[in-house]
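Feature annotations, reproduced from TrEMBL:
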| type | residues | note |
| --- | --- | --- |
| TRANSMEM | 71-96 | transmembrane segment |
| DOMAIN | 85-323 | domain 'G-protein coupled receptors family 1 profile' |
| TRANSMEM | 103-131 | transmembrane segment |
| TRANSMEM | 137-160 | transmembrane segment |
| TRANSMEM | 181-205 | transmembrane segment |
| TRANSMEM | 225-251 | transmembrane segment |
| TRANSMEM | 272-291 | transmembrane segment |
| TRANSMEM | 303-325 | transmembrane segment |
Amino acid sequence: MILSLAAAAAMSSGSSSSLNSSSPLDPFDSSTSWSLAEDPSNSSSEPVVRTLTPDLQPATTAVAIQEVSPWDIALCVTGTLISCENALVIAVLFYTPTLRAPMFILIGSLAVADLLAGLGLILNFVFTYLVDSSVEFVTLLSVGLLISAFSASVLNILAITVDRYLSLYNALTYHTERTVTFTYVMVVFIWVSCLTLGLLPALGWNCLKDESTCSICRPVTKNNAVALAVTFLLVFALMMQLYLQICKIAFRHAQQIAVQHQFVAISTTKGVSTLSAILCAFGACWLPFAMYSIVADSSYPVIYTYATVLPATCCSVINPIIYAFRNPDIQKSLWMACCGCVPSNLSLRPRTSSDV
């Protein structure tokens with residue numbers, strides 16, 4: 001998605017180098033060859049006068065060095081951090097047999113999506129500066145991976161939100177209705193949908209043949225970028241509605257338990273604060289990029305695209321902290337893997353989907 005941003009930044013340096021080609025010729029320049037030219041005005045039988053004229057040929061040994069953008073370095077570093085965090089989450093979930101509940105399946109799917117997003121950012125940097133990015137296959141591969149990964153990340157966050165809402169709304173029947181098989185079917189549906197979105201540019205929905213239709217993220221077309229941004233806004237609105245319902249249910253439960261009213265009120269207030277922080281972090285990361293994708297196109301300055309893309313990628317840095325590392329079961333597995341012990345202050349209460 002971000003493969004062409006560095007190319008636009010390097011255009012200015014390319015134009016300055018073209019101006020230098022009009023400078024006076026250096027007779028000792030190895031890129032200028034010289035040949036003998038016959039004077040056409042000399043048609044007599046006198047000895048032919050030959051003059052040395054420069055034969056201008058492009059230098060074939062010159063190597064263009066592309067300047068590395070600090071923004072691309074920041075995206076690559078962010079991708080590395082994302083990959084390390086989520087690889088740790090996946091390893092903990094894979095090697096801990098007790099973490100097989102529907103909630104942990106969704107957390108694992110989110111970690112896989114964010115891991116692929118981090119790897120996509122790293123590959124984007126490699127393709128931009130170490131591989132010929134003018135090859136269509138390279139561009140489409142990078143864009144497809146990033147679209148699929150970030151779309152899956154957003155949809156998995158929505159699935160976790162729905163799971164939390166159902167665990168509160170149907171508290172008595174949740175564990176019988178929400179089976180592992182149902183969760184796997186939902187995860188497969190998410191990934192099939194996101195992989196289809198990632199394949200669209202390779203199937204012809206791109207602007208490689210018509211640059212005027214490009215969005216801020218070449219080769220995604222403006223129409224496709226707007227459709228993805230509007231879909232994200234709908235997902236965000238649905239998440240806000242679900243979190244609002246979760247807060248209402250939590251406060252209603254707190255009022256119904258008169259004996260533990262004070263304790264529950266405190267814990268409920270803390271939970272609402274946590275939900276608000278989660279929703280604000282998600283919106284702060286993705287809303288600027290979504291709104292900018294709707295109003296801007298490829299003619300806008302590249303720096304604005306970088307300034308909105310970088311916060312969006314940081315959402316995948318925050319996700320493991322919010323949804324995985326705060327979980328006591330995952331914390332216990334991490335402590336056991338690192339030092340073979342569990343701290344006494346770590347809560348051993350089983351964590352449910354309704355916990356935030």
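The backbone N, Cα and C atoms fix where each Cβ goes, glycine too.
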Feature contact check the transmembrane segment (303-325) with the transmembrane segment (103-131), CB under 8 Å, 3 or more pairs: yes
Model confidence over the domain 'G-protein coupled receptors family 1 profile' (85-323) (mean pLDDT, whole number): 88
